[in-house]
Amino acid sequence: MAKKSLKVKQSRPNKFSVRDYTRCLRCGRARAVLSHFGVCRLCFRELAYAGAIPGVKKASW
């Protein structure tokens, strides 16, 4: 889980736009964030298995 200080730091506007980075809206993780859904891969997996994301299901071939 992300530290509280990092979440606060990310919510403030950056001085330079290059410093912007995405964080998971659910847990605050900074890596492996799926921009289309706004959550990290771990939260995406949990939500997909729970059926909370419409149109997403486990692939098998």
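Just so you know, glycine gets a Cβ as well, placed from its N, Cα and C.
These numbers come from a predicted model, not from an experiment.
Around Cys40 (Zn(2+) binding site), the same-chain residues six or more apart in sequence whose CB sits under 8 Å from its CB are Cys24, Arg26, Cys27, Arg29, Arg31, Ala32, Val33, Leu34, listed in sequence order. The Zn(2+) binding site feature in Swiss-Prot is assigned to Cys24, Cys27, Cys40, Cys43.
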Notebook entry, point to check: Among all the protein chains here, how many other CB atoms are within 10 A of the CB of Cys43 (Zn(2+) binding site)?
Noted result: 20
Next item on the list: Counting other Cβ atoms within 10 Å, pick out the least crowded of the binding-site residues Cys24, Cys27.
Entry: Cys27
Next item on the list: Using DSSP with the three-state reduction, classify Cys24 (Zn(2+) binding site) as helix, strand or coil.
Entry: coil
